[in-house]
Structures are given as C-alpha cells and as structure tokens.
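What follows is a short report on a single structure.
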Amino acid sequence: MTDKYAVFGNPIAQSKSPFIHTEFAKQTQQDLSYEAILAPVDQFDSSLVAFFADGGKGANVTAPFKEQAFSMCDELSEMAKLAGSVNTLFNLPYGKIGGDNTDGVGLVNDLEMLFGSLKGKRVLLVGAGGAARGCILPILQHNVAQLIICNRTHEKAEQLQTLFNEYGNFFAKPIEELISPFDLVINSTSAGLSGQLIALPSVIVDETTDCYDMTYSQQTTVFNQWAQAQNARKTADGLGMLVGQAAKSFSLWRGITPDTGSVMRKLRESLAQEAID
C-alpha cells in the first residue's frame, strides 16, 4: 500500500516539496505519494487531523503554519522545542502527532558543502524571525567562533540571545554597531522577495566573506546582488537548504537518506526554464 505524505501551506502552489520528495522516492525505491495541500488559514488544524485520520504517514509544514503545527504536537524533538516551530510531522499511534524541525540541519549542511567547515568562523545572522530561530542551534553546534544576530527591531534579536546564549558564543548587536567584516553573512529575512533589503553597513562584507540568502529565485536574490556589489567571495541562495531540509525529513520518515545533488540539478534547470518562460 502506498504511504501518503503531504506539505501544508497557504499559499502552496509554488511549493517544490512534491517534486523533491517524489524524486527522493524514485531514487530510493520507496512506495509513497506526496501532495501539496492548501489549508485555509483558519482551518489548518482540522485539515491536518483529517489528513492523518485518512492514513497520512507524515507531513511537512510551511508558512504560515509552522508555529501552529508546533502547538498541535504531542511529542517534540529538542531541536523543535528550541526552534519554537516545526516543519516535519509524524502520525504517531493513538492519534498523537510528533514534530521536528529540519530547517537548521538543511542550512548548515548546505553551508558546509558550499563554503567549507563552519568551525572557527565569525558568522552574522540577519533577521530574528522564525527562520533565524530554527537555525541558531545547528550553527552553534558546528563550533563557530562567534554568531552575531542583528534585526531591524533589536529587541527581537535580544530575546533570541537570551534563549540561546547558553549554547555557544552568541550575541545580539544593533545594526549600527556592526563595524567589521564577517567570514559568513546569512540573510534569514524574506524582505528580498518583495524587492526590499535591510539597510546593512557595507563594512560587514569584504573579499573574504561568503554570503548566503535563505530565500531563492530564478534570478540572483536582492541580498546576493548587494553582497556581490560589496565584492563578497562567494554568494549562494537557499535552494540547497530547501532540498537539505527535505532530505532530513525524508530520512526521518523512511529511515533512508536520499542523494540531494541530482535533485538540486533538476530544480536549478526547472528554475532556469521558468525564468525563460
């Protein structure tokens, strides 16, 4: 019998998750289906419960439901508890729901594949929303020398410092106090999707700095355009993070780790074709 999986979001038509997980299933010979489900904003909980009641084995969750999914879980991983949100759900016995957050694992795996080991690096994390919170612990666990977080609203960054400072060398700094280059700058904000960019001092990037945008698009993202203008060493978008977090979800569900490289290549080709069309 084919096992059922899905991703819930609103909007959801743009989701690459069905393609990614279908490709993973093909390469690992797993008998499963994976669909995108548009959940009404005020009916996510009932949509998820109905999916699991109908035999769904597991689900991914994207905006705007990650925090709501967190609150519905009966069992949570330590990563999910600290992230305060989940993107991966499990249908447990007796009608219970389990939750995990694989975003941070997807990010750090992509960062180290692109830029080398994080160990000993000075890292700046731009933004203090849910995307940032889900990635702080995995970054600190990779033995960075220092992780600085900045945000338009400094108080939000300070709240995350209080939550995570026991896990490593982690500090919140006002944007105006950023006065020297970092080894790695990560943009966790989605402002670039609407053509916006947080005003960052150019001094944080030089020719030795790698820059990473958690968002992705057919063209170079607004943040990466800015980074390239500051002569950054390398820039990359978040497509690898997307595939990486999906691979971690898949391995948690199926007990097998898929190859991400071939799926990344197909997605890049698809995005390039969309840009032409």
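Residue numbers in this text run from 1 along the chain shown.
The backbone N, Cα and C atoms fix where each Cβ goes, glycine too.
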SER15, LYS16, SER17, THR62, ASP103 bind shikimate per Swiss-Prot; candidate in ASN87, ASN91, ASN109 listed for that same site: ASN87
Which of SER15, SER17, ASN151, all binding-site residues, has a Cβ with the fewest other Cβ atoms inside 10 Å: SER15
Recorded positions (LYS16, LYS66), the one with most neighbouring Cβ atoms at 10 Å: LYS66
Assigned element (helix, strand, coil) containing GLY238 (NADP(+) binding site), judged by DSSP: coil
Minimum Cα separation from GLY130 (NADP(+) binding site), reported as the residue among recorded positions SER15, LYS16, SER17, THR62, LYS66 that achieves it: LYS66
